[in-house]
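Visitor: Dropping the structure in here first, questions after.
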Amino acid sequence: MDDLPPDLFSKTQRLRGAILLHFFAAVYFFIILAYICSEYFLPSVECICEDLHLSEDVAAATFMATATSMPEFFTNTISTLVVDSDMGLGTILGSMLFNTLGVAALVAILTKSHVKLDWWPLTRDSIIVMIAISSLVSCLWDERVYWYESVVFVVLYVLYFLVMFQNERMKRIATDLIETRWNLCTRLEEPKADDEFTEQSSRKYSVAVLGEAINTTLELPAAKKNVSRRCSIPVFVPSEEPAANKMKLLTVSTGSWFAVVWWCYTWPFRLLIHFTIPDARVHRKWYPLTFFMCILWIGGTSYVVFWMMSIIGETFAVPETVMGLTFLAFGGCMPEAVSAVTVIRKGNGSMGVSNSLGANTLAILFSLGLPWFIRNMMEGGASTGAYVEINSYGMQYSVFGLFLAVGILYAVLFASKYTLRKLVGLVLMGGYLLIVTFMILVELDVFFPSEKTC
């Protein structure tokens, strides 16, 4: 807290009710973050992908996935470079756990019919994320991340891009070996011929969906809605007047009382963003400026959310890493849950789970590795033997929980013939609750006590 701005309220005032204002501020700024990612940042990244002539799957697994990982990246950057806290590490570990088991569990529990998954992306991403988690365990075991270890993360991040560029070639080889020569997929049910979304057409989805819901909720009755073939989430297709399909700034929605309240609730930040960030969907040539301004907004908004959550944790004496594993992780992952439910109701539930493990890989290599690399280089790198101190004893045991989570996910889906159903969802949710409880108890010194006293 010494590295953050002072709070307007004392701890006594916060315990008497002022803490509710901090909860409100954290939620409000998270909605701002979601809105910016959906309505401005992702369209600008799509323009970059189009200009680079990237295919759908490569764009989804690289630039789009990196873009949607920006909130977690800024959280750990603030935690590492500004306030010297482990909350960013806890946030990313908690988010990874939810992405691994929580998203799949929600899809399975809330779906009205069985959801068929493709074995290839699930197997590919399970192997890759296991490699990433292994590198994380080796770095955290001595509670220090040395400069050469942070360099390894950056190298693996580049290698991840190169591997994804070869995705189609690897898929052909794997399919030929496993399905044709070894005949290991005879137990699987044949996919339906009318499956609309495939691995190549699916995109990484995350925090953007909640931001999209801000406009979708207050959609005018006359607004026309369609599904873009370039994206796996429902988006508004611009007409001759793109602004007509969006929630208007100067016209109050007349749909329902909730729509009116939501319009008033979101109007202040929508007005400010409208005049500070150009819309790349309307003014395409300005997308570099859109990209730059979004980075500034995401960084500032993430800082406020981090600040509010730090005050809440300090008020109730909750350890930083536990705050990251719970509140910040749940807040960062709720869009994944919202998007998964939205996809289910549209009848296309399989696309979400296939990409959740890929997001975890980027969370380790990009959101964790890059800030650690930057700090080590700022402190001299090899010349000074720089390292980042991890003050959370037991975090390495929590990382082992991620190994278990990936193993549970793949084992359960393999046993269910890569098909999600309600029973599978209940098993996955039980595994999630068990592992997150274990991670919290480790941080609270219940398991594997450090025997350190203050």
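From the backbone N, Cα and C atoms, a Cβ is placed for every residue, glycine too.
Note: TrEMBL annotation is automatic and uncurated.
Sharing the record's features from TrEMBL:
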- 23-165: domain 'Sodium/calcium exchanger membrane region' (DOMAIN)
- 287-440: domain 'Sodium/calcium exchanger membrane region' (DOMAIN)
- 18-36: transmembrane segment (TRANSMEM)
- 89-110: transmembrane segment (TRANSMEM)
- 147-165: transmembrane segment (TRANSMEM)
- 286-309: transmembrane segment (TRANSMEM)
- 321-344: transmembrane segment (TRANSMEM)
- 356-374: transmembrane segment (TRANSMEM)
- 394-416: transmembrane segment (TRANSMEM)
- 423-442: transmembrane segment (TRANSMEM)
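Let's see these features in context: how buried, what's close, how far.
Guide: Same-chain residues lying 6 or more positions outside the transmembrane segment (147-165) and placing a CB less than 8 Å from one of its CB atoms are 57-58, 61-62, 128, 131-132, 135, 138-139, 361-362, 364-366, 368-370, 372-373, 375-377, 381-382, 385-388.
Panel annotation: around the transmembrane segment (286-309), residues 4-5, 22-23, 25-26, 29-30, 32-33, 36-37, 40-41, 43-45, 47-48, 70-71, 74-75, 77-79, 82-83, 87-88, 273, 276-280, 323, 327-328, 331 of the same chain, lying at least six beyond its termini, place a Cβ under 8 Å from a Cβ of the stretch.
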Visitor: Can you break down the domain 'Sodium/calcium exchanger membrane region' (23-165) into helix, strand and coil residue counts using DSSP?
Guide: 120 helix, 5 strand, 18 coil
